[in-house]
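Engineer: Got a structure for you, written out below as structure tokens; questions coming shortly.
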């Protein structure tokens with residue numbers, strides 16, 4: 001596994017943006033402690049090594065394989081199964097800062113349409129912190145607000161979204177908490193939609209990982225959180241350009257999300273996602289000194305210690321079922337999709353499967369959904385796929401039913 005040193009870097013971007021001079025000057029900005037290997041051809045790094053800082057109060061176990069990690073809480077999991085690959089204080093309660101917006105995005109995608117027009121209230125326009133400079137009374141497309149919220153961390157956008165969906169931020173925050181608990185993130189309580197500090201607004205690294213893993217299954221989520229740059233029509237700016245503040249999208253090969261965060265109370269926070277060999281990992285660092293390096297180390301560690309385990313392939317026959325009232329032929333049960341989960345290297349068969357078949361009665365058409373294939377890890381469901389009928393099963397005729405009944409009497 002690669003070893004990383006902390007360093008400063010200067011990223012020179014070839015693309016000419018709104019801040020570049022027409023003559024093609026490079027856009028330069030400072031971000032501390034980035035990984036040493038560029039993954040995009042247009043990126044150039046000037047590296048300066050930095051010493052590892054002393055972190056008061058952080059006790060690191062001698063068995064911790066990532067001794068140089070600077071996050072107080074950290075975890076990396078397989079998104080499909082939820083399996084924990086590495087953790088440090090994963091269940092310790094912390095402030096999430098703007099990583100809160102991951103849940104805001106999930107609820108927005110589940111309870112609104114991207115083309116909804118949202119009217120910005122004076123309350124939303126007056127939100128403090130990082131903003132999109134929304135103005136009271138203007139109408140903005142929901143999709144534009146979501147991109148602005150995730151790429152530029154617009155706190156005002158989150159308030160506009162929350163009020164549009166739930167009527168108030170408080171009601172929306174209650175929805176967020178309920179959704180978190182439904183997902184299994186039971187050590188989380190949300191008090192707002194953007195992560196501005198409140199004592200009753202908290203989560204854990206593990207809960208954030210669970211929420212994000214769920215997010216990757218929500219249509220539209222990955223597209224938004226993995227977008228590097230976007231142009232769209234804004235009411236007061238017809239050619240509005242946004243560049244994602246999440247540098248992992250440029251720094252890590254296969255990165256596909258998700259959100260940065262910072263407040264004085266929370267420290268530097270980052271939730272990262274990356275995909276490789278069919279596996280989707282999620283890494284979380286909370287209150288980190290060097291959040292970019294920490295996240296790269298976590299993802300590298302994760303991919304180095306797992307391998308893909310294909311439980312079932314789409315179209316595989318996984319079993320057979322009897323069909324009441326049918327012609328006597330058993331119904332083949334076929335998997336609706338391929339399930340590939342992460343398996344820790346060197347371990348044997350970790351996953352178990354079971355079939356949940358519906359109460360099947362003829363007639364059944366090939367392709368009908370007739371049950372589920374459930375995948376379990378340590379007795380807990382971690383994944384599933386629908387089971388489809390692999391053949392037509394016709395209803396048994398009346399005369400055949402009578403004949404079979406008479407035969408059973410004779411045999412009896």
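The backbone N, Cα and C atoms fix where each Cβ goes, and this holds for glycine too.
Found this in TrEMBL, in case it helps:
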type	residues	note
ACT_SITE	98	active site, acyl-ester intermediate
ACT_SITE	101	active site, proton acceptor
ACT_SITE	153	active site
BINDING	259	substrate binding site
DOMAIN	307-395	domain 'Peptidase S11 D-Ala-D-Ala carboxypeptidase A C-terminal'
Engineer: So what pLDDT does the domain 'Peptidase S11 D-Ala-D-Ala carboxypeptidase A C-terminal' (307-395) average out to?
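Structural biologist: When the pLDDT values over the domain 'Peptidase S11 D-Ala-D-Ala carboxypeptidase A C-terminal' (307-395) are averaged, the result is 92.
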Engineer: With every protein chain in view, what's the tally of Cβ atoms within 10 Å of the Cβ of the residue listed as 'active site, proton acceptor', excluding that atom itself?
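Structural biologist: So the Cβ neighbour count for the residue listed as 'active site, proton acceptor' comes to 29.
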Engineer: Starting from the Cβ of residue 153 (active site), draw a 10 Å sphere and report how many other Cβ atoms land inside it.
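Structural biologist: The answer is 26 other Cβ atoms.
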Engineer: Per DSSP, to which secondary structure element type does the residue listed as 'active site' belong, with helix, strand and coil as the options?
Structural biologist: coil
Engineer: Taking the Cβ of the residue listed as 'active site, acyl-ester intermediate' as the centre, count every other Cβ atom within 10 Å, in any protein chain shown.
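Structural biologist: Excluding its own Cβ, the number within 10 Å is 28.
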Engineer: How big is the Cα-to-Cα gap, in Å, between the residue listed as 'active site, acyl-ester intermediate' and the residue listed as 'substrate binding site'?
Structural biologist: 7
Engineer: If I take the alpha carbons of the residue listed as 'active site, proton acceptor' and residue 259 (substrate binding site), what is the distance between them in whole Å?
Structural biologist: 8
Engineer: With an 8 Å cut-off on Cβ-Cβ distance and a minimum sequence separation of at least 6, pull the same-chain contacts of residue 259 (substrate binding site), or say none.
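Structural biologist: Counting only residues 6 or more apart in sequence, the Cβ neighbours of residue 259 (substrate binding site) under 8 Å are 98, 99, 101, 102, 150, 153, 225, 246, 270, 271.
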Engineer: Reported in the order helix, strand, coil, what are the DSSP residue counts of the domain 'Peptidase S11 D-Ala-D-Ala carboxypeptidase A C-terminal' (307-395)?
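Structural biologist: Split into helix, strand and coil, the domain 'Peptidase S11 D-Ala-D-Ala carboxypeptidase A C-terminal' (307-395) gives 0 helix, 54 strand, 35 coil.
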